[in-house]
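As structure tokens, the structure follows; a few thoughts come after it.
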Amino acid sequence: MARTKQTARKSTGGKAPRKQLATKAARKSAPATGGVKKPHRYRPGTVALREIRRYQKSTELLIRKLPFQRLVREIAQDFKTDLRFQSSAIGALQEASEAYLVSLFEDTNLAAIHAKRVTIQPKDIHLARRLRGERT
């Protein structure tokens, strides 16, 4: 017979179980009157990891089109009033903006991991931008 690795187990001890008080035993044997089932909850981090996998697979735009369009028009108004945009121009701006943000967050995550953390912080974004040469 082959040897198998022994694992530590909790010992049961040699003592016999003590008698429970009558009220405790009655409470345990009586069925729960409420019968309200708790909603299922995933462990912390499980849903986050699922979302990460989902969004890494997908290619669709994550910022809604109309709010992004309003933002572009608001920023453009500071430079020249009554500017008009082709819908393809707004789409190109949105593609470029989202690609930039995803790339920045990837670098930010690497900076947080380098600092032995899993949570990104503003200082990680500053470091990532500084290393890219965007901001001094």
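Cβ from N, Cα, C; glycine included.
Features of the protein shown, as given by Swiss-Prot:
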REGION    1-45  region 'Disordered'
MOD_RES   K10  N6-methyllysine
MOD_RES   K15  N6-methyllysine
MOD_RES   K15  N6-acetyllysine
MOD_RES   K15  N6,N6-dimethyllysine
MOD_RES   K19  N6-methyllysine
MOD_RES   K24  N6-acetyllysine
MOD_RES   K28  N6-acetyllysine
MOD_RES   K37  N6,N6-dimethyllysine
MOD_RES   K37  N6-methyllysine
MOD_RES   K37  N6-acetyllysine
MOD_RES   K57  N6-acetyllysine
MOD_RES   K80  N6,N6,N6-trimethyllysine
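Projection of Swiss-Prot feature records onto the structure.
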residue : record                   : Cβ contacts under 8 Å, 6 or more apart
K37     : N6,N6-dimethyllysine     : none
K57     : N6-acetyllysine          : none
K80     : N6,N6,N6-trimethyllysine : none
DSSP three-state assignment for K57 (N6-acetyllysine): helix
